[in-house]
Structure formats: structure tokens, C-alpha cells
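Novice: So TrEMBL has the following annotated:
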- A:14-376: domain 'Cation/H+ exchanger transmembrane' (DOMAIN)
- A:6-23: transmembrane segment (TRANSMEM)
- A:30-46: transmembrane segment (TRANSMEM)
- A:58-78: transmembrane segment (TRANSMEM)
- A:98-128: transmembrane segment (TRANSMEM)
- A:152-175: transmembrane segment (TRANSMEM)
- A:187-205: transmembrane segment (TRANSMEM)
- A:225-254: transmembrane segment (TRANSMEM)
- A:266-284: transmembrane segment (TRANSMEM)
- A:290-316: transmembrane segment (TRANSMEM)
- A:328-348: transmembrane segment (TRANSMEM)
- A:360-379: transmembrane segment (TRANSMEM)
Amino acid sequence: MAADLLEFGYLLVVLALTGAIALRLGLSVIPLYVIGGVVVGPYVAGRLGLPYVAEGEVITLLAEVGIVLLLFFLGLEFSLDRLRAARSNISRAGAIDLLVNLPLGVVIGLALGWSVVEAFLLGGIVYISSSAIVTKTLIDLGWIADPESEPILGTLVFEDLAIAVYLAAVTSLVLGGEGGLAAIGRSLAIAFGFLGLLLIAVQYGTSLFTRVLDVENEEAFVLRALAVVVPIAGAALALGVSEAVAAFFVGMGFSTSGHRETIERRLTSVRDVFAAIFFFWIGLGTDPTLLVAAAVPLVIAVVLTTPAKVISGYLGGRVYDLSNHRSLRVGVGMVPRGEFSLVIAALAASGSTQVMREVIPSFAVGYVLVMSALGTVLMQRSDLVERLIFRRQSAGADS
Amino acid sequence: MTVYESDLPGVGKKHEVELDGGARLVIVTHNTGKREVFRRASADSDSEKLFELNDDLARQVGTLLEGAYFQPVQSTSIETLLGDNTVLEWVEVSDDSDVVGKTLGESELRQVTGASVIVIERDDEVITSPGGDAMIEAGDTLVVIGARDACRDFVTLVTGA
């Protein structure tokens, strides 16, 4: 017990330090938490004979809570009214984004000789942009006040909904997809059946949810909120259904309960702590030498998916009637990948094949590290990107 | 004036206010309560951040802008609201005012405007309830009571503004 507590303390020290470094350098915390996990994990510090944090059950559980809370908050922010208000633009820009990037990832996976499920996992990882990193960079750069922020944030909302559906499907494929088509069909039916029931409960149970949280005391409020979302997510996982998607739906249920802002105010720090542990835990499980094995898919993915996101984002900007200049910024702004690619990687790690257990998680870590850094740099230097692209275009037109 | 409102999912709300010459004032209200204020010189240019305020400060500055603390309509006078429409007003008599050297009765201020002088302050002297024969001198401060419109007319007549 003493050893466990010490180890957990060590983990918190590393998180605090990497967080401080991120703040100092003006970087996103997500990649740095991951790197912190890699460095003090069994594969680096462990091999060097230094004190290290093992990937134990306790940390895995806390990381799992991190996933649940990340998706719960996503659901909270997700109001159908909001989507309805900007329906046609968001869905058109979002559809372009989905139809360009997800199939591209699947094709890359298939070209590498992976199975359909493995390729589908790769598709998800390269498709989903990082809401956290993109939104923070938008604010840091002041783009938040400019027209390009609307298609960017709108497309992120679309992706959030798409990822809920995607996770629901992929979880049942990964966890139950070994026994042929019939088994896959059955696990998909269970998943969508459970989620359908949950959606109905959330839709009609809003008043019940509201009453559960009708309490002034801050501590009671936080505990009750967690006591609703965590057991439901756990029940989902026990049935082989995505716990993340269950948490997302519960969040959606609360979004209309009138408690949304209170939940956000009181639980944000709780979420941040567990999410940090999740990112750290992803790092713990990453063997840097396996990054070498993932180097080929990594290079291919970075080279192909970066321009693909820029192009799909550019087209999304055009849907919103933005100028070339602003549309290009939409494209550049969608490049960073982060938390959800890692959620997919965590899911892949529970799969049965060697590609799922080893290659995809390492690939995802490497990919998120590269794309979060590359994406933010591209956003900061978007003027350069623009000059490069539009000069070439006008030169092409001249000749 | 047109104000455009749009949602910023995960961030908050954005309001854009049209200014003169195609420029826009952009106010981003974060869910955390933070306000960021930008100015965009034209549709094509990038927004330039002017300042940011936390929730409390933003409300205070907003009240100031709204004019709740101070209305710069008549900078030479101070008015106090008594009832719904009754105001007390302090009016300084300048050297070139038409009423200098006249008695209150001769000035016919009450007959014309409907507002009455209840006090004349002259240096350290305070003349309360002055009669019609009280003389108005340059530099006097007249304390006037009446309906808001009456007091406004009064100020206009005395200061010539």
C-alpha cells in the first residue's frame, strides 16, 4: 500500500512538472502528459533501472474514469438545438471532413496489409481532430474572434457526434468481433440496443436527472453527478458496449437539465485530473522501441493526412462562404489530433491481434505527438502556409 | 446598429457590433465568464485583441459604458432624481448669462420653464427660498427643482447652451 501511494505521488509530481513545462512553453498539455508517462514508465525509466511507475490496475482504473469524464463533458456541451441552429452548414462541412479523412485512414490501413477492423481503427485515429488543442490554439491566436472559428468549431461538434457513433461501433467490433459475421452482428445489436435504451432514458429522464442534482451542497453535487455517470459507463463496458459513448449520452441528458453550467463549473477540475492521468497512462503503455515498428505507418499517415485535413477544412470553409485566405485557415486549424485519437488507441489496445495491441497504440502516440505539434505550428505560421500554397496556385495559373 | 450573435461551441458566445467605416467590435464571452474584446478594421483583416476582462470587471465596465454612474449630457450641472420625473439641478450662472443682474422675478425663469429656484449659493452664503426680488449675480449657483423637461429648459435659458 505504501509503495502504491508513493508511486501515485510520483505520478502526480510528474504530471505537475510536465504541466508546468507546457504552460511555460505555451504548448498543449496533452502531448506533454503523454511524454511524461513514457519517460517515467516501465519502458524508459524502468529499463534504465530508475524508479518508475508501473501500469497497474489502479492507474488503469483512474485513466478509465478520465475517458468517461472526457466524453461526459463532450455530451454536456452537445446540445441538439445548437446543431439544429447551424444544421446545413455544420453538416455539410462535417460530412466533407468525414468523407475525406476517415476513408483515407482506412485505405492506408488496408494498404499496410491490416485487417478491416484494424484499418477502421486507423481511420478513426487520423480522422478525429483534437477539440482541446484546436480550441485552445484558436483562443491563443485570437482566431476565435474571426469568421473561421465558426466552421472550425462547428466541424469539431460534428466530429464529436461522429466519434460517438464510431466508438459505439468499433468497441463492439474490437471486444466481440472474433466469431465471424454473426458474432459481430450480435455485438453491434447489443451495443446499439443498449445505447438506444440509454438515449431514451436520457431523453425522458431529464427531470429525474435534474432532481438528483438538485442540491446546494457542492460536495453532494459532485458526488451525485459522478454516481450517475460512472456506474452507467461501467454497466455499458460490462456489456461490451463503449463506456465512452454511454458517458457521452449521460452528458447529453444533463445538458438540458438546467444543471449544465454548475456541472461544468464544479466538475471541470475533477475531469482535468482524471484526464491528465489518462494521458499519462497512455504514455506508460508506450514502448518507444515499438515506435520504430510503427514508423512506416506513422510517416505515411503524417504525409498523407496532413494535406487531406487542410483540403477538407478548406472546402468546409468554402461551405461557409469564407474567402480563400480564411478557408485555408479552417483547414490548417483542423490539423491537430489529440485526446480522441488516444481514446481510440486505448480501445485498440484491448484488442486481440498484435497490430491492435502493439502497433496501433504506439502509432497513435507517435501520431498525436507529431500532429499536435505540427498542427499548432502550422496554425501559428498560417501566413507562411498560405503564401506557399497560393503562390504555387497563381504560378500554375500563369504558366 | 446591427449586432451579430453566434455560438462558439465549447467556448462561449461571440457578438459583433458594426462600427463606422466597416469596422467591427468583436466581443467573445467565454463560458468561464472571461470577456475578450477585439476590433476588426475591415471584413478582410484579422481581429486585433484590445483587452480582456474577467466576469466581475466586465460587468462593472459595462455599467460604466451604459452610463449608469454618470451621464455626460450636461457637464456643467449635477442633477439628482427625486421621484419618477422630479429632479434637483445645480446650475452655475456664467458671466455672460442673460439673467445676470436681474431679480428672479424679472428673469421670469419660473413662468417660462416651470422650474423653481429653491436655493441660491453665492460664495459661502446660502440664500434659501429666495423671493422674487432676489438678485442673480454672475458666479451664483442656482439650485432648481422641477420636472426633468422644465429643468432642462431652465439650464438652457441660464447657460445659453
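Heads up, the Cβ atoms here are built off N, Cα and C, so glycines get one too.
Remember, predicted model here, so these are calculated numbers, not experimental data.
Help me picture these features in the structure, burial and contacts included.
Specialist: Remote same-chain partners of the transmembrane segment (A:30-46), defined as residues 6 or more beyond its termini with a Cβ less than 8 Å from a stretch Cβ, comprise 10-11, 14-15, 17-19, 21-22, 52-55, 130, 132-133, 276, 279-289, 338-339, 342, 365, 368-369, 372-373.
Remote same-chain partners of the transmembrane segment (A:58-78), defined as residues 6 or more beyond its termini with a Cβ less than 8 Å from a stretch Cβ, comprise 4, 8, 11, 131, 157, 160-161, 164, 229-230, 233, 243-245, 247-255, 260, 263-264, 267-268, 270-271, 274-282, 284, 339, 343, 346.
Same-chain residues lying 6+ beyond the ends of the transmembrane segment (A:98-128) with a Cβ under 8 Å from its Cβ atoms: 158-159, 162-163, 166, 170, 173-174, 177, 296-297, 300-301, 304-305, 308-309, 311-312, 315, 337, 340-341, 344-345, 347-348, 351, 353, 355-356, 360, 363-364, 367.
Note on the transmembrane segment (A:152-175): residues 71, 74, 77-78, 82-83, 86, 89-91, 93-95, 97-98, 117, 120-121, 124, 127-129, 131, 134-135, 138, 143, 184, 187-188, 190-192, 195, 240-242, 244-245, 248-249, 313, 316, 330, 333-334, 340, 343-344, 347-348, 350-351, 356 of its chain, located 6 or more positions outside it, place their CB under 8 angstroms from a CB of the stretch.
Within the chain carrying the transmembrane segment (A:187-205), a Cβ under 8 angstroms from the stretch's Cβ atoms is held by residues 168-169, 171-173, 175-177, 232, 236, 239-242, 245-246, 249-250, 252-253, all 6 or more beyond its ends.
Taking Cβ pairs closer than 8 Å, the transmembrane segment (A:266-284) reaches residues 11, 14-15, 19, 29-30, 33-39, 41-42, 53-55, 59-60, 62-67, 69-70, 72-73, 218, 221-222, 225-226, 339, 342, 345-346, 361, 365 in its own chain, all 6 or more past its ends.
A Cβ distance under 8 Å defines the sequence-distant neighbours of the transmembrane segment (A:290-316), meaning residues of its chain 6+ beyond its ends; these are 92-94, 96-97, 100-101, 104-105, 108-109, 112, 122, 126, 129, 151-152, 155, 327-328, 330-335, 358-359, 362-363, 365-367, 370-371, 374, 385.
Within the chain, the transmembrane segment (A:328-348) has long-range Cβ neighbours (under 8 A, six or more residues past its boundaries) at 28, 30-31, 34, 63, 67, 70-71, 97, 118, 121, 124-126, 128-134, 137-138, 143, 146, 148, 151-152, 155, 159, 163, 167, 170-171, 174, 242, 244, 275, 278-279, 282, 306, 309-314, 316-317, 320, 322, 356-357, 360-361, 363-365, 367-368, 371-372, 374-376, 378-379, 382, 385-386, 389-390.
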